[in-house]
Amino acid sequence: MREEPTAGTADATLNKLLQAADLSGYESDLRRKLKLRNAADLQYVEEVDLLSVGMSRPEQKRLRKEYTKMFPSGIFGKVKKAFKRAESLDRKTSNSVANQDDNDHHVIPIEKITLCKELGQGEFGSVWQAGWKNSAGSDVIQVAVKCVGSDKLLATSSSFLQEAAIMTRMRHEHVVRLYGVVLDTKKIMLVSELATCGSLLECLHKPALRDSFPVHVLCDYAEQIAMGMSYLELQRLIHRDLAARNVLVFSPKLVKISDFGLSRSLGIGEDYYRSEFTPNLKLPIAWCAPECINFLKFTSKSDVWAYGVTIWEMFSYGEMPWKGRSGAQILELVDRKKELLTRPKACPEDIYDMLKETWTHQVQDRPTFSDIVAKFPERRAQSVRAVVDCKDSAADHLHFKKDDLIVVISRSPAQYPDGYYWFGSLRNGKLGLFRPTDTVAHLGSEPPCSNGTIENGFSEKEKGGKKNKKAEKESERERKKLLISEPVGDVRHTCHVGIDGTAFGLLQLDKKAMCPTSSSPSTSRGSQASPAPSHTSSSTTSSVHLRETVARNGVPIKETMSLRDVGPLSRDALNLRDTVSPPVARAPSQPPSYSQPRPPPRSVSSVSSGNQHSVQVHDQFSSLDRSRGSLTPTAPPLTASAANSLKDPLTGISLSIPSNNLISYMDDQEDDHRWTRSPGAISQSTTLTALSSSRKDPIPAPRGPVAAVYARGKDIPTPASKSDIALCEKIEDLNRDLTNYSIGTICDYSEDRPLLDSMNRTISSSTTHQPPPQSSEARIRFMTEQEVRKINEKSAREHRKTEDLLREERQKEQKPGEIEEPQQPAESLYSTRTPQQEGWSSAAQEAYKLLVECGTNLKQASVSPPPMSPTSSRLSTLDRSSISPAPPRPVTPPLSVRNETISMRKSQQEEMEHVTVEENSPKRVHIIETKLIDGPARGMSPIQDRHIPAFTTPMSNGSFRKAPAPTPVSPAPAGSTDQKPPPCRPPKTRQFPLVIDERNLAYDNLNGFGAGARVAPPVPPKPKVRTIFSFADDQKKQKEVAN
């Protein structure tokens, strides 16, 4: 029955609590009305009870505050802490007593040991559970007693006691403690700790406990065994018989090594190993190293071999190593053939790699237990967490739910060597395949727990339901802390690296490129100015700086920028700038995707003597031969070629700086903005010589990564730098759109040079041409009226100039004597000017009528006249005859107008029709068609001339129709019959079909519609004999000229 606390103790605790809360006046009411005896009873008091005694809410708040101070974890937590303190005091007392007993008495009297029941039989004897009554008190401790027969003890009692004294001083959490020995005439008893769960081999063989030993628990056991053996190794003790049967299980998470040192103490030696070859004994030869079998040489390295076999035995769940083989066969396989045990199904790949190292045939090549413990966290099986539920129908697949942990055993199982499925184990011990895409990495494996407590079983079902729920909630919170959360806020999931090492996404994306507007780098090439370390950095060698103020681009305060480690450049050769780079430009720390050939060095305009900054880039970049690490995880490593490209001096880049974009610098203390535009007066020290041409060379892409610092403090000076100003202005120039036209961009052209200049142009230091100011903000603007007027005037001047040149070319082509063609006599017939005749004779009229009849018969034939000679008139005179049956009228030959006028006969009253063809430029060609419509006529082929544009004129029957063949015979005087045209090449003809609209037959080109019906067409004139004779005379002259 629980003891009640005394009144004095109760009054003291309650009175102390009320005095601390300044509520002593409520003590009598709390004791009398609420029946409180001590301060601990306040945990059962509710707010309504305190209100009933008149305590206000502020007073209740003060009472709760003082109560929390007195009982931090509640009354039950206080009681547990008290019990723990008492238990620790008892443990210390017992330890001190035990130590005293161990130091003074290693031998335990036999009357203090009471054997209870036999636990099993071993190689050296039987094992019993017994009670040991300690001399320090009356309590009885449950211990394990191993009884060894005197016939098996070959050594003397004194040496055995010396070894027992050494073993009793061993203190380790994973080594079974030996309390002492009991000496008797018949047998010797070894008193040690009691493991109620038995040996590890027995637990692995029990099917009911198979689920209690999943893969992750076995990994913990392997590490604990290695830690215990490492302790024995440091104590220079050799186990000689390490196996799963000698590993005791104290709890589901704790194992300890037992029976260490007994092989040497018991003196088994050669007789023991000879007995292994007999068929009646269990042979531990499968756990022995080759040197132990061949030379009976036991060392810590032989224990390492046995440790590997023990771990293999554990992951195979108690299977016998080299099962079915004799000792001689095992020695043949291990010593001569050097074969190894195959990997168990539940053994992770990394653990099996460690086992193969322990089975190295050469003793010196095996690792020590200290090495195994140091490297074991890296070899521990990795766990993944399921993100979806999986219930595959396949029998060899795992069935798991979301948030279940899976231990990865193999990433390339034999069924799926491509890694599409992995092989793993659930927490309940089930093995099977699963898809890695259904899982995520689980950060932080559960550390091995060794609380040193002894439990009676592995089941935890005895706990209450409420306690289990609370534990589940706490474990859920712990699991959530170990997982990577989803992207929150503006964070973007740009890339992912899987548990198997595969990655996808934007791995090369610089995080500075994801900012609203990134900062452009600017490296100070000057050797005179070295920036001071930023006071925002924790170390002077750190390349990560914090931004002091809000930048102009909207970067928040104290934003950390990751930078590359560029050695000396991070402290001496880098200045911090706040220039604005193009929004769509590539991040400076990201290397270009192509390599550009190295351009020849070019000269840079010299600056004024007031501010001379030497450009010594080659010396500063000479230390970049080494490979460098990067603080930015997404940035690629620096290659050797990229490091060599950084050595090249940047003096080869020629930049032009407009006068309105020059930059002056102000003190950091006066203005937070480091750079200030000054469109007016420009400082002489910051003025650079610009290009003489308004067109600027494009900046070639960098050939390697660019190291840059993106933030700086106020205490870093900002000297004027040529490269900074040039880079800033060139970026602004590139920002301007090509649609921002001006007079210089439209009218500045030439046919004898390309539109884009080469990049090798040198800058003339004598010329200081400054382009007109242009605003960087206005990308597209309207042209002013003055600019439009200037453009029109210049265009008109260019057109007039072109017309003059074209007219001169035509005049040169029409000069006589340059080009001679045999068709000139035939063409001269149409251009020969005949004098005007006053009348027609009767013979001429008869001949003309005959010619008209011949033309009527040949009206269907459409033969083009021979081409005209370039020496002839530009536009020939076309004789048109009237089609009307009215009386004939005399023909008035028109005057030849040079190049521009076409003369035609229209009526008997000697009217002339002048058609003027105006050609202003080669771009505009006016084709004027003059039509005299006639019903039977169907058109006429145009004159083919390569110097004049073709035009079509429908004519009457027989007019302007000359066949290229010999001229038809007409009635003429005798003198004209034997005159034949000279032999010549037939002219090139091209037929152009002419379509006449019958609905417009009444249309006249001069008088309009209906005029043709009212005015009768004229009578065809009578040809004159002199005209025919002129044709023969011209032919005769041409022959004479040709001869």
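Heads up, the Cβ atoms here are built off N, Cα and C, so glycines get one too.
Of all ranges given (659-698, 739-778, 859-898), Swiss-Prot attaches the label region 'Disordered' to 859-898. Cα of LEU119 (ATP binding site) to Cα of ASP241 (active site, proton acceptor): a distance of 20 Å. According to DSSP, GLN121 (ATP binding site) sits within a strand segment.
Under the three-state DSSP scheme, ASP241 (active site, proton acceptor) falls in the coil class.
Cα spacing between VAL127 (ATP binding site) and ASP241 (active site, proton acceptor): 17 Å, rounded to the nearest whole number. DSSP gives VAL127 (ATP binding site) a strand state. Comparing GLN121 (ATP binding site) with ASP241 (active site, proton acceptor), their Cα atoms are 16 Å apart once rounded.
Mean pLDDT across the domain 'Protein kinase' (113-379) comes to 84 in this model.
Sorting the domain 'SH3' (379-444) by DSSP state (H, G, I as helix; E, B as strand; all else coil) yields 4 helix, 27 strand, 35 coil. Using a 10 Å Cβ-Cβ cutoff, LEU119 (ATP binding site) registers 20 neighbours.
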